[in-house]
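Each remark here refers to the structure printed beneath this line.
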Amino acid sequence: MEHTRPFTVIVEGNIGSGKSTFLECFSKYPQEVEVFPEPVAKWRDVRGHNLFQLMYEDQERWSMAFQSYAQLTMLELHNQTTLAPVKIMERSIFSGRHCFIENLHEEKKMKHSEYTVLCEWFDFLQKSPMFNLKVDLIVYLKTSPEVAFKRVKQRARSEEKILPIEYLRNLHDLHEKWLHQSTDLPAELVVIEADQNLEQNPDMYAQVMEKVLAKAQAQRDARKENPRLTKLSLTRPAKTCYPSSPTKVLGEVNKIAPGQ
């Protein structure tokens, strides 16, 4: 049977917005969902060079090299295949362009010529039929810079220990601008107010999980695949954050993103 493109979700948000924690919930369902984490391990070891650390230590010197490699590795994730019907990515090539590269340019940490090269490359990738950048849903974990800063300090990644809160404020503003003011988002947007931890507000996160699977099922039904595939659903493992009333979840889900 010809390979069917999975329903593709990108999870976006500031540094420290809770993306990894959110994705861990989906990782419990390998038959339905395959999660593609941000390729931090690759950034930390580019043939022995930790570009991730070098970029934070000296952004003017290393921002072009790091963002070029980040763009390449995110492109690889976009084009990586999966047998699961749902593919979920931590961030995307889109937020790299509209948030992180944009921030470096605005803060004069990247030369205009370097910025132009990265923008031209991004535009080419978007238009080229050789690459699959198709996205079906954007989940935005909206977090205040103050909460994000606190979480960054708590997780204590060595590369991020020198990050000032102003850096997170700038990234927050750029995420807001891209996701709320852009007229050409690559997919429908769902926003989660993510200042509360997953454990504090499990129903909100579970609503989005149900929305993702409902939309993926609708896409599969529209394709009229033959033989018909099994209906997507999340089987609740013991002691997880999944709510007890799926009916209530599906009834409330539209409150997250009215009209969607």
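The backbone N, Cα and C atoms fix where each Cβ goes, glycine too.
Given the structure is predicted, the values throughout are model-derived calculations rather than measurements.
If you look up TrEMBL, you'll see Glu90 marked as active site, proton acceptor. What TrEMBL lists as ATP binding site is Gly13, Asn14, Ile15, Gly16, Ser17, Gly18, Lys19, Ser20, Thr21, Arg151, Val152, Lys153, Gln154, Arg155. As annotated by TrEMBL, domain 'Deoxynucleoside kinase' applies to 10-212.
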Starting from the Cβ of Gly13 (ATP binding site), draw a 10 Å sphere and report how many other Cβ atoms land inside it. 26
Most Cβ neighbours within 10 Å: which of the binding-site residues Ser17, Thr21, Gln154 is it? Ser17
Give the distance between the Cα atoms of Ser17 (ATP binding site) and Glu90 (active site, proton acceptor), rounded to the nearest whole Å. 11
Record lists Gly13, Asn14, Ile15, Gly16, Ser17, Gly18, Lys19, Ser20, Thr21, Arg151, Val152, Lys153, Gln154, Arg155 as binding ATP; longest Cα-Cα distance in Å? 17
In Å, rounded, how far does the Cα of Val152 (ATP binding site) sit from the Cα of Glu90 (active site, proton acceptor)? 17
Students should find that the Cα atoms of Gln154 (ATP binding site) and the residue listed as 'active site, proton acceptor' sit apart, in Å rounded to an integer, by 20
Separation of alpha carbons, Glu90 (active site, proton acceptor) and Lys19 (ATP binding site) (Å): 7
Secondary structure at Ser17 (ATP binding site), reduced by DSSP to three states: coil
Near the Cβ of Glu90 (active site, proton acceptor), how many other Cβ atoms are there if near means within 10 Å? 20
Whole-number Å value for how far the residue listed as 'active site, proton acceptor' lies from Thr21 (ATP binding site) (Cα to Cα): 11
Give me the Cα-Cα distance between Ile15 (ATP binding site) and Glu90 (active site, proton acceptor), rounded to a whole Å. 11
Looking at the domain 'Deoxynucleoside kinase' (10-212) alone, can you tell me the average pLDDT? 93
